[in-house]
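Participant: Checked Swiss-Prot, it gives:
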BINDING   Gly659, Pro660, Asn661, Met662, Gly663, Gly664, Lys665, Ser666  ATP binding site
Amino acid sequence: MSSRPELKVDDEHGFIRFYKSLPQLGEEAIRIFDRGDWYTAHGDDATFIARTVYKTTSVIRQLGRSDHTGLPSVTMTVTVFRQFLREALFKLGKRIEIWASPSGRMNWKVVKQASPGNLQDVEDELGGQFEGAPVILAVKISAKASEARTVGVCFADASVRELGVSEFLDNDLYSNFEALLIQLGVKECIVTQDKGEKEKDPELAKLRQIIDNCGVAIAERSAGEFGTKDIEQDLSRLLKDERAASLLPQTDLKLAMGSASALIKYLGILHDPSNFGQYQLYQHDLAQFMKLDAAALKALNLMPGARDGAKNMSLYGLLNHCKTPVGSRLLSQWLKQPLMNAEEIEKRQQLVEAFANDTELRQSMQEEHLRSIPDLYRLSKRFQRGKATLEDVVRAYQVVIRLPGFIGTLEGVMDEAYRDPLDEVYTNKLRELSDSLVKLQEMVETTVDLDALDNHEFIIKPEFDDSLRIIRKKLDRLRTDMDNEFAEAAEDLGQEREKKIFLENHKVHGWCMRLTRTEAGCIRNNSRYLECSTQKNGVYFTTKTLQALRREFDQLSQNYNRTQSSLVNEVVGVAASYCPVLERLAAVLAHLDVIVSFAHCSVHAPISYVRPKIHPRGTGRTVLTEARHPCMEVQDDVTFITNDVTLTREDSSFLIITGPNMGGKSTYIRQIGVIALMAQIGCFVPCSSAELTIFDSILARVGASDSQLKGVSTFMAEMLETANILKSATAESLIIIDELGRGTSTYDGFGLAWAISEHIVKEIGCFALFATHFHELTALADQYPNVKNLHVTAHISGTDTDTDVITDEDEKAKKKREVTLLYKVEPGICDQSFGIHVAELVRFPDKVVRMAKRKADELEDFTSKHEEENGGGLGVQYSKQDVEEGSALLKDVLVKWKDEVKSGRMSKEEMVARLKELVQKDERLLGNPFFKSVQAL
C-alpha cells in the first residue's frame with residue numbers, strides 16, 4: 001500500500017471544473033477514473049476509498065491549490081483498484097462507474113459499469129473467481145386492495161445469456177418472493193422508485209426490507225422503465241427462436257414482462273449487437289424446489305458469512321471440493337435449490353454412490369481430469385463478446401483433447417448398477433460433445449504452433465503462410481545467436497547454465513540474462529555486462545550483442561504478430577461458433593464436478609456419510625440414527641456426540657427440546673434441518689442410517705443479531721420471522737424454532753410460545769422442532785399425542801443441601817454443584833435450569849454468581865410458599881382424574897342450586913347462603929383436591 005502512485009493531473013483546474021459539473025450519483029455508486037496504469041477517485045468517493053481500502057484519510061491529496069476550491073483525491077495502483085473492486089461489488093453492494101479519456105485530454109466518458117448483479121465489464125479485473133453466478137433480478141408488484149398481491153420478476157445471469165421470468169401470488173409478508181431470492185442466489189435487485197416523500201408506498205417498503213434482509217443490493221429505477229410497450233420487440237431481437245415473441249406464453253405475464261423491460265434497460269443488453277438472437281427465455285416454477293427463508297439460510301449455515309473464519313464453518317465450504325469454477329457455482333445453486341422429486345434425488349444419490357464406492361474412479365476424476373478444466377462459461381463469454389485471443393482458443397482446445405480421458409475413465413466402470421446411470425448423465429453426453437468438437441481440435445492442430453506453447457507464446461504455425469515462414473526462420477536464427485551469446489557469458493562468468501545463470505524473456509527488458517542474487521557479484525565492475533534491474537529472484541543483465549539481437553527479435557516479433565493477426569481473427573471467429581457446444585460441455589462437467597465433490601465429502605468425513613432412503617412426497621417418516629452436524633464434527637477439538645431423531649405424523653411431529661444453555665439444543669434442531677437439506681440435494685448424510693420424507697420448505701426462527709441496525713427491536717424481528725413462518729408453512733414443511741418470546745415479559749413470552757406451538761400442531765400440522773427455556777411448554781404433550789418432549793442431558797455431581805454442616809470454606813467450594821453437559825438428547829422433560837452454571841463457566845465474578853444464586857433461591861422459596869398458601873400449585877397437587885371428578889361434582893351442585901333459585905323469590909344474600917350450604921353438605925366435593933385449589937367462596 002505504501003507505493004501509491006503520485007497525483008499528477010495535466011489540467012488540474014479543468015478537471016476540477018469537469019468533475020464538479022457531473023451529476024450526483026447517490027451513495028450507492030462510485031466513480032473511478034482510469035489514468036492508464038493507475039486509477040483515481042475524487043470528492044466523497046476519495047474519502048470512502050481512503051477509509052475502506054487504506055483505512056486512513058491521510059492518503060487523501062488535494063487537487064488544485066487551496067482546500068476551499070480543491071478536490072479531495074486518492075490514487076490507486078492496479079492491484080489496489082482490483083482489491084477495492086472485489087470489496088465494493090461483493091461485500092459492500094456498490095455500483096461502480098469507470099471513466100476513461102481514450103483520445104487524450106479532458107475527453108472523459110464512462111467506459112465500464114459494474115454492479116453486484118452485472119459483472120460483465122469487469123470480469124477481467126476481478127479474475128473470474130466468484131462463489132456463485134451473479135444473478136440480477138427486477139421485480140414489479142401489484143397490490144390492489146380488491147385483488148391478491150401479485151409479484152412479477154425477471155432475472156438473468158449475464159454470463160449464460162438466459163432470461164428467467166416468474167409471476168406468482170404472495171401473502172402480505174412476501175414469503176414467496178423471499179424464497180425466490182434465496183433459490184436464485186440473487187446479488188442485486190431492481191425495484192421501482194418511490195414517487196416522493198409524501199407518497200411512500202408501504203408495499204415497496206416491505207419489499208425493500210426483505211431484499212435487505214437477504215443481503216441483496218438494491219438499485220432503483222423509475223416506474224417508466226417497467227413499462228411493457230416495447231418488450232415484445234426487444235425480446236424478438238434477443239431470443240434465439242425466430243418466432244414472434246408475442247406467441248410466447250410468457251408474454252401474458254404482464255408484471256414479469258414489465259420487470260423484463262427494466263432489466264434489459266439496466267443491463268444495456270440491446271446496446272451490444274453480439275447479444276441479438278442469443279438469449280433464451282424460460283419460466284421459473286417456485287414449487288419445483290424446496291423453499292428456504294432468509295432465517296433458514298443463516299440457521300443452517302449454508303453459505304460462508306462475513307464472520308466465518310474456517311472454510312468448514314458453512315455447508316458450502318464443507319461440500320466444496322470442486323476442482324472447477326463452474327462446479328463451485330453449480331454447488332452454490334444446488335444448495336439453494338433442494339429438489340422435491342424423489343426420483344430426481346435418487347438419480348443424484350446413485351451417481352454419488354458410484355463415485356463414493358470406486359476410489360480409483362473418484363481420484364482420477366478429481367486429480368487427473370477435472371483439475372485442468374478452466375471456467376468454460378467465462379471462456380465462452382469472451383468469444384461471444386469478441387474479446388477472445390489465440391490463447392483462449394488454445395484453452396478451449398486443451399479441454400477438447402482431455403475429453404477422451406474423461407470418457408475412457410467412465411467407460412472403465414465395471415459395476416452394472418452404476419454403469420447405466422453414468423452413461424445416461426455423463427458418458428453419452430461427453431461422447432456426443434467430443435464428436436461435435438473434433439473439428440475445432442483439427443483446426444487448432446493445423447493452424448496453431450503448439451510447440452511454441454512451452455515458451456508461453458501463442459502464435460499461428462509458420463508453415464501456414466509463406467511470409468510467416470520467412471519471418472519465423474529469421475526469428476529462429478536470432479534465437480540460436482542469443483543462445484550462443486548466453487553460453488559465452490556463462491563460460492566467461494564461470495556460472496552453471498540453468499542453475500545459477502538463466503536466459504529469460506522478461507516482460508519489461510525483453511530477452512536478457514538473470515543471475516541468482518548470491519552470484520550477482522561477478523558482473524559488478526565488469527564493463528562487458530550491463531545491469532538492467534535487481535529483483536527478488538535475482539539480477540537481470542545483458543550485453544551489447546544480446547541487446548542488439550533482442551531489438552531485432554522484438555522488431556521481427558511485431559512483424560510476425562501483424563502478419564498473423566488477420567489469420568488469428570479467422571481462427572478465433574471459427575472457434576467462437578463452438579460457444580453453444582462449450583456451454584453444454586460446461587454444464588455436464590459442472591454436474592460431474594459437484595457429484596464427485598459430494599462423494600469425496602461422504603468418504604472423507606470423520607465418520608463416512610450414508611445414503612438416505614427418501615420417501616415419496618407426502619408419505620413416510622423421518623428417522624435418523626446417530627445423526628451428526630456435518631460442519632460441527634469437522635471442527636478441531638470437537639468430539640461430536642451423536643443423537644437419534646424420529647419424526648412421525650401421528651406420534652412425534654412436534655418436538656419440544658428443553659435443557660441447559662450450551663447443552664446442544666440449537667445444534668440438535670439445526671442438524672436435522674441441515675441433514676434434510678443435504679438429502680434433498682442428493683448428497684449422502686452424516687448418520688449411521690437415515691430415512692427422510694420430502695419437505696417442501698425449511699423455515700427457521702433463530703437469533704436475530706443485526707435487526708437493531710435496521711431499526712427493528714429484537715422482539716419485533718422475532719415476531720416478523722414467526723409471522724412469516726405461520727403464513728408460509730404447509731403440512732409438508734419443517735419448522736425450526738430456537739427460542740421464542742424471550743424479548744418480552746416471561747408471561748407474554750410464554751403465552752405467545754404456547755399459542756404459536758398450538759397453532760402449528762392443530763392448524764398447520766407440519767413437522768416442527770422447538771428448543772425452549774419455557775419448561776411449562778412441555779404440558780402441550782399432555783393435550784396432543786403428536787407432541788413429544790425431549791431434553792438435553794446434564795450430569796449433576798455434588799449437592800448444596802449439606803453445605804451448612806461444613807465449616808471449612810475450601811471444603812464448601814469443593815462440595816458445590818458441578819454440572820457436566822452430556823450433549824445427549826433423551827425423551828422426557830428437563831426439570832432444572834442451568835443459567836447460573838453458564839455464568840460460572842465464563843468466569844463471572846464470584847460475588848455476582850453468589851448473589852444470583854441467592855436471588856434465585858429466594859424466588860423459588862417465594863413461589864413455593866405462594867403455591868402452598870393457595871392449596872398447592874397448578875398441576876402439582878392433583879391429578880387429571882381429580883380435575884375431571886371435581887368438575888363433575890361441582891357441576892351437579894351448581895345445577896341443583898340453579899333449579900332452586902330460578903323462581904327468583906330469593907334475595908342475593910339468600911342465594912349465596914344456599915350455595916354455601918349445598919357445598920358444605922357434599923363431602924365428596926369438599927374432599928376433592930382440585931376443588932380445594934379453585935375454591936373461592
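The backbone N, Cα and C atoms fix where each Cβ goes, and this holds for glycine too.
Not measured: the values here are computed from a predicted model.
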Participant: Count the Cβ atoms, other than its own, that fall within 10 Å of the Cβ of Gly664 (ATP binding site), considering every protein chain shown.
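Facilitator: Result for Gly664 (ATP binding site): 25 neighbouring Cβ atoms inside 10 Å.
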Participant: Name them in sequence order: residues not among Gly659, Pro660, Asn661, Met662, Gly663, Gly664, Lys665, Ser666 whose Cβ is within 8 Å of the mean position of the Cβ atoms defining the ATP site.
Facilitator: Ala771, Val792, Leu821
Participant: Check the binding-site residues Asn661, Ser666 for other C-beta atoms within 10 angstroms of each C-beta and report the one with the most.
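Facilitator: Of the binding-site residues Asn661, Ser666, the most buried by Cβ count within 10 Å is Ser666.
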Participant: Quick one: among the binding-site residues Gly659, Pro660, Gly663, which has the most Cβ atoms sitting within 10 Å of its own Cβ?
Facilitator: Gly659
Participant: Which ones in the same chain are close to Lys665 (ATP binding site), with CB under 8 Å and 6+ residues apart in sequence?
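Facilitator: Spatial neighbours, sequence-distant, of Lys665 (ATP binding site): Ile657, Thr658, Gly659, Asp738, Ala771, Val792.
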Participant: Which residues of the same chain, at least 6 positions away in sequence, have a Cβ lying under 8 Å from the Cβ of Met662 (ATP binding site)?
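Facilitator: Non-local contacts for Met662 (ATP binding site): Leu821, Val838, Leu841.
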Participant: Does DSSP give Ser666 (ATP binding site) helix, strand or coil?
Facilitator: helix
Participant: Sort Gly659 (ATP binding site) into helix, strand or coil using the DSSP assignment.
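Facilitator: Its secondary structure by DSSP: coil.
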